[in-house]
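A.B. asks: Can you read through this structure? Questions will come right after.
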Amino acid sequence: MGHTRRQGTSPSKCPYLNFFQLLVLAGLSHFCSGVIHVTKEVKEVATLSCGHNVSVEELAQTRIYWQKEKKMVLTMMSGDMNIWPEYKNRTIFDITNNLSIVILALRPSDEGTYECVVLKYEKDAFKREHLAEVTLSVKADFPTPSISDFEIPTSNIRRIICSTSGGFPEPHLSWLENGEELNAINTTVSQDPETELYAVSSKLDFNMTTNHSFMCLIKYGHLRVNQTFNWNTTKQEHFPDNLLPSWAITLISVNGIFVICCLTYCFAPRCRERRRNERLRRESVRPV
């Protein structure tokens, strides 16, 4: 009896086809690796290069487009430049430096992929002469978060709050203890409409009768920042409530009052006699 072949394991009829496919994939990988990546901080200056040169004489026959995700940034047609409103007064076109654009005072919204397209007039038509892509990453580092704590009245529960602000991109906050993620009470993330920067805060309740070590971890993009909060219980003797029954407390109180009365009765005559002797002594020494 012959062996049956499992489906999907038939040998290739044309091994050269697989080799050709590998060559195509390698070529695509090489092409994709040509994308330029630029990373800058908020409010910094970013220079995005088109990687192509055009002489002054060729400008009249050349069209240059800079766009971000299909939205126009800048155009140069027949030597006339036009900058779109979002980039006006903060974008410079550097023709002599590989047709680069220079974006001033970076905003978080400037992040994205930019395309530079160069068209040249040839044989009664504009044909594409060059295409380049530049990926711009804009970041703002979050400061080390702060953790404040306060006690909730009439309970053994304590609450801690972790917060930080002024970072980008959008953060994700989590609480960890011994490597395990905990459930927070309330986590809020907000973005300033003007600066486009984020703020984040979160609350966590815990039982203050046991020791704890919490980590507040904030991830944003490929970066992270964290703060640790340690709680150590104080070693105190805890006496049970109502150590003595009420009748015993009453008996002790009555006995205490009785002892005080006895002491007063015993010492009162001595005090009176001492005062009487003092009075007689003063009278005996009084001059006639």
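Glycine is treated like the rest: Cβ placed from N, Cα and C.
From Swiss-Prot, for reference:
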| type | residues | note |
| --- | --- | --- |
| SIGNAL | 1-34 | signal peptide |
| DOMAIN | 35-135 | domain 'Ig-like V-type' |
| CARBOHYD | ASN53 | N-linked glycosylation site |
| CARBOHYD | ASN89 | N-linked glycosylation site |
| CARBOHYD | ASN98 | N-linked glycosylation site |
| DOMAIN | 145-230 | domain 'Ig-like C2-type' |
| CARBOHYD | ASN186 | N-linked glycosylation site |
| CARBOHYD | ASN207 | N-linked glycosylation site |
| CARBOHYD | ASN211 | N-linked glycosylation site |
| CARBOHYD | ASN226 | N-linked glycosylation site |
| CARBOHYD | ASN232 | N-linked glycosylation site |
| MOD_RES | SER284 | phosphoserine |
A.B. asks: Could you state the CA-to-CA distance between ASN98 (N-linked glycosylation site) and ASN89 (N-linked glycosylation site) to the nearest Å?
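C.D. replies: On Cα coordinates alone, these residues lie 21 Å apart.
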A.B. asks: I need the nearest neighbour of ASN211 (N-linked glycosylation site) among the glycosylation sites ASN53, ASN226, ASN232, using C-alpha distances.
C.D. replies: ASN232
A.B. asks: Please name the residue among the glycosylation sites ASN186, ASN226, ASN232 whose C-beta has the most neighbouring C-beta atoms within 10 angstroms.
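C.D. replies: Top count of Cβ atoms within 10 Å goes to ASN226.
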A.B. asks: Restricting to the domain 'Ig-like V-type' (35-135), what is the model's mean pLDDT?
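C.D. replies: Taking every residue in the domain 'Ig-like V-type' (35-135) and averaging pLDDT yields 94.
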A.B. asks: Of the glycosylation sites listed here (ASN186, ASN207, ASN232), which is spatially closest to ASN89 (N-linked glycosylation site) when Cα positions are compared?
C.D. replies: ASN186
A.B. asks: Counting across all protein chains present, how many other Cβ atoms fall within 10 Å of the Cβ of ASN211 (N-linked glycosylation site)?
C.D. replies: 9
A.B. asks: Through the lens of DSSP with three states only, how would you label ASN89 (N-linked glycosylation site)?
C.D. replies: coil
A.B. asks: For ASN186 (N-linked glycosylation site) and ASN207 (N-linked glycosylation site), what Cα-Cα distance in Å is obtained after rounding to a whole number?
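C.D. replies: With distance taken Cα to Cα, ASN207 (N-linked glycosylation site) is 17 Å from ASN186 (N-linked glycosylation site).
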A.B. asks: Quick one: of ASN89, ASN98, which of the glycosylation sites has the smallest count of other CB atoms within 10 A?
C.D. replies: ASN89
